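Per Swiss-Prot, ATP binding site is recorded for GLY95, SER96, VAL97, ALA98, VAL99, GLY100, LYS101, SER102.
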Amino acid sequence: MNKKEPFLATPYLQFNREQWATLRDSVPLTLTKEELIDLKGINEEISLEEVVEIYLPLSRLLNFYISSNLRRQAVLEQFLGTDGQKVPYVIGIAGSVAVGKSTTARLLQALLSRWPEHRSVELITTDGFLHSNSVLNERGLMKKKGFPQSYDMHSLVKFVSDIKSGSKQVSAPVYSHLTYDIVPNEQKFIKQPDILILEGLNVLQSGMDYPHDPHHVFVSDFVDFSIYVDAPEKLLKSWYISRFLKFRQGAFSDPDSYFHSYSKLSEEEAINTASDIWQEINGLNLRQNILPTRERASLIMTKGTNHTIESVRLRK
């Protein structure tokens, strides 16, 4: 008698690329090749095929969830006998440095805004809620940028709380990747969008990740649907090094760049420097603080080589 395979219980439905692609149904492609080029990151070769097979099914799923959420709000308003406030639907996107969170966020912003409902979609990154370099220097945390202790979590939580409370206008600080710092006296104003996409390393973290700064609510408490963009660390490191080399020839050559000195490195020196930064900062942060949040996500997208999505896990 053959022994039965052990049943592995999982809170996720699992799809390979082909299975996920069939869930597109008849959703039309609303992006042109030229628009896609503008949306992709510096180190990513994303194709229209990837948009069709991965992101159109995802935008269809999100549209169902958002419509369901609006119906739930209408039921509550009917019960209370009120008109109610407009409360944005918050989508969180998390994952490692260099995994392509920003491209995923920009793609979803473009696709969701083009559904027939013409919903307004805003995008905010949690980089704006990092402490300024002056504060990080004072606290000896410049080499811990992106780690939990480098964020002004009270301000970030208040921002998301105000968004979900229906505030008519909420402001967020602006971060510059050129100067590697918060831009003084600059704010981005969010005015009750239908959807807010919040992208950052830390959107799935909870209070247990911040023992040094305890508080009762967290960003993840206000996120309606969360996406974790995953990839093996070996790939992440190679993508980071490749991106570093491209920045060395591009953004780092700007005299105003915080990393201007890196533009003078030879290719071998640049590879070694990027590898050291990964080992000492980004890889460490991934293993300690980012990867442990993966299973909190509503959906996990796992990438293989060339940034292509190979599998999707959707929470039941």
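Using N, Cα and C of the backbone, Cβ positions are placed for all residues, glycine too.
Features as recorded by Swiss-Prot, highlighted on the structure.
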| residue | record | contacts (Cβ under 8 Å, 6+ apart) |
| --- | --- | --- |
| GLY95 | ATP binding site | LYS101, LEU201, TYR228, VAL229, ASP230, ALA231, ILE290 |
| SER96 | ATP binding site | LEU201, VAL229, ALA231, GLU233, LEU236, ASN282, LEU286, ILE290, LEU291 |
| VAL97 | ATP binding site | GLY146, LEU201, LEU236, TYR240, ASN282, ASN285, LEU286 |
| VAL99 | ATP binding site | VAL229, ASP230, ALA231, LEU236, TRP239, LYS303 |
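Highlighted in sequence order, VAL229, LEU236 have their Cβ within 8 Å of the centre of the Cβ atoms of GLY95, SER96, VAL97, ALA98, VAL99, GLY100, LYS101, SER102, the residues recorded for ATP, and are not part of that set. Cβ neighbour count for GLY100 (ATP binding site): 24 (other Cβ atoms within 10 Å of its Cβ, all protein chains included). The Cβ of ALA98 (ATP binding site) has 24 other Cβ atoms within 10 Å, all protein chains considered.
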